[in-house]
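First the structure, in the form of C-alpha cells, and then the observations on it.
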Amino acid sequence: MGKLLLWVGLLLMLKHHDGAAHKLVCYFTNWAFSRPGSASILPRDLDPFLCTHLVFAFASMNNNQIVPKDPLDEKILYPEFNKLKERNRGLKTLLSVGGWNFGTSRFTKMLSTFSNRERFVKSVIALLRTHGFDGLDLFFLYPGLRGSPARDRWTFVFLLEELLQAFKNEAQLTMRPRLLLSAAVSGDPHVIQKAYDARLLGRLLDFISVLSYDLHGSWEKVTGHNSPLFSLPGDPKSSAYAMSYWRQLGVPPEKLLMGLPTYGRTFHLLRASQNELGAGAAGPASPGKYTKQAGFLAYYEVCSFVQRAKKRWINDQYVPYAFKGKEWVGYDDAISFGYKAFFIKREHFGGAMVWTLDLDDFRGNFCGTGPFPLAHTLNNLLVNDEFSSTPSPKFWFSTAVNSSRIGPEMPTMTRDLTTGLGILPLGGEAVATETHRKSATMTTTPRGETATPTRTPLSSGRRTAAPEGKTESPGEKPLTSVGRLAVSPGGIAVGPVHLQIGQKVTPPGRKAGVPEKVTIPSGKMTVTPDGRAETLERL
C-alpha cells in the first residue's frame, strides 16, 4: 500500500509539475510488417492516441529527390499511417529520410550544391502534401562522419534553413499549417562535436530527437547497458549526459527529446559465473526469434528471455539487465522508462522519442502488461493530463532523485575522429539491402572500428539490485537513494547531485565553446554563432 501511494503521488507530481504537456514522438519502421508471425505489424495496428507525433521510417532518395523506399510504402503503408489522424485529429505525422543503412553518400551529393538542395526541397513538399504528412524528419547519420566530408556539417545547416523557409512560403501560399521540421542526432559527445552546429540546429528545427541509446553493445569487450540514465565514473555515456550536453551547447531544452529504446543490447559472456555489469564478453548473444539480429532483442523478445533468466537492477544507472548462462542483455522496462520520464520533467526537456513502436510489445502477447507497455508508460507520465485507463507500471521513487549534468566548463574533446569511424547502427535497423526487407535477409551490419572509448571493467563484486530494490550483495539493505558521480571525458567529476521534489533546477548558464568569429552561410546572409547576420554570397 505504501508503494502504491508513493506511485500515485509521483504520477500526480509528474503530470502537474510544469503544467505543460510534453511531446512523445514515436517511430514506426517500414520493415516491421515483414517480421514473422506475431511480430508483424502494420500502421493500422497502432494506437493513434498513444503518441503526439508518429514518424514513418524511412523514405529514400534518388537523383536528389525524396522518394518512397518501397512501392508498398506509397500504396499501403503511407495511406494507413496517415489515416490514423482520422481517429485522432491532434496527431501529427512525419516522414523520416535516411537511417543507418542509407549511408551518407546520397546526402553528401544532395547537399553539395544549391540546385541539388532546391530539387530536394521541392520534392519533399510535394511528397509530404501528396500523402498527408505533417512534416519531415532528417535521419542523417552523420554529417562529417562515415564517409561524409567535413563540409557536410555546414551544408546540412544550409539545407535546414532552405527547408524551413520553403515550408514557411508554402504555408503562406496555401493557407495551410507550416510543415514541421525535425532531425535525429547523435547522443555521443565525440560525434556531436564533429557533426553538428548545435546552436543553429536549435534555431532551425522544431524539435531534435537525441539518440541516447546504443551507448554500449556487443562490439565492446565488457558488458555495458544500451541506454543508462546516468553515467558511471570513468564512463560518461548516458542519456542524462547526452541531453545535458546538447543543452549546454545552446539548444533550447524544450526542443530536445530524449531517445528511449524499446529493445535491448546483448552480450555473450566469457564466463557464466561473471555476469555483472562490466563482465568480460566476446561478441553478441543469440539472435532473437523474430528480429533475427545478433546482439539485439526487441522488448517482446526480452520479456520471453527474462522469464527464464535472472534479473538485476543497476542502482547507479536506473536500468535493468538479465542473464542466463552466458547470455546477457541490458534493456529498458516500464520502471526505467518511468525514471527517464521523471528526469525529462525535472530538467524541463521537451519530451521523449521512442525507437520504435514495432519493437514494443505492441499486442501485449509477450509481457503480460497490455499492448505497448513501454510507450504507454511515457504517455501516462508525459502526455496525458488525467489518469489513463491503462494500468500503471509498478515502480517507486525515493524522495531524493539524482541528476547528472555537465560541469561549469565544457569538456575538451581530444580524441581524433576520422570519416572511417565505426559507429553502431540504430537498434533494429538490420535490413540487408534497400529492396529485400523480409526477415530472412536481415543481417547484422558490419561495425568495423569501435567509436566508444575504452572502458575499465567494473569489479566483479559490484553491488547490484533487483527491480524491487533488494540488493544482491549479502548483508546489505535495500537502497532508496543513490548518489551520482558522473565523469566527463575531460576528467571533470560531476555530482553527487540530489534533487528534492519541488526543488527548482537551474540550467547551466555558461555558454558552450562556439567559435566567436566563424561565420556560417545562411540563405543570403552569414549567421555568426551569436546570431548576428552579415551579407555574404552563397554557395
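From the backbone N, Cα and C atoms, a Cβ is placed for every residue, glycine too.
Some features that Swiss-Prot has for this protein:
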BINDING   P71, L72, G98, G99, W100, N101, Y142, L211, S212, Y213, D214, W355  chitin binding site
COMPBIAS  440-457  compositional bias 'Low complexity'
DISULFID  C26-C51  disulfide bond
DOMAIN    22-385  domain 'GH18'
CARBOHYD  N402  N-linked glycosylation site
REGION    433-480  region 'Disordered'
REGION    503-539  region 'Disordered'
SIGNAL    1-21  signal peptide
Binding-site residues: P71, G98 - member with fewest neighbouring CB atoms within 10 Å: P71
Rounded inter-Cα distance in Å - C51 (disulfide bond), S212 (chitin binding site): 19
C26 (disulfide bond) and W100 (chitin binding site), Cα-Cα, nearest whole angstrom: 18
Surrounding CB atoms that lie within 10 Å of the CB of S212 (chitin binding site), all protein chains: 29
Distance, C26 (disulfide bond) to D214 (chitin binding site) (CA atoms, angstrom): 17
Which listed residue (C26, C51) has most other Cβ within 10 Å, given these are disulfide-bonded residues: C51
Cβ neighbours of D214 (chitin binding site) where a neighbour is any other Cβ within 10 Å: 27
Distance, C26 (disulfide bond) to G98 (chitin binding site) (CA atoms, angstrom): 16
Where the record names P71, L72, G98, G99, W100, N101, Y142, L211, S212, Y213, D214, W355 as binding chitin, the maximum Cα to Cα distance in Å: 32
W100 (chitin binding site) CB neighbourhood, other CB atoms within 10 A: 20
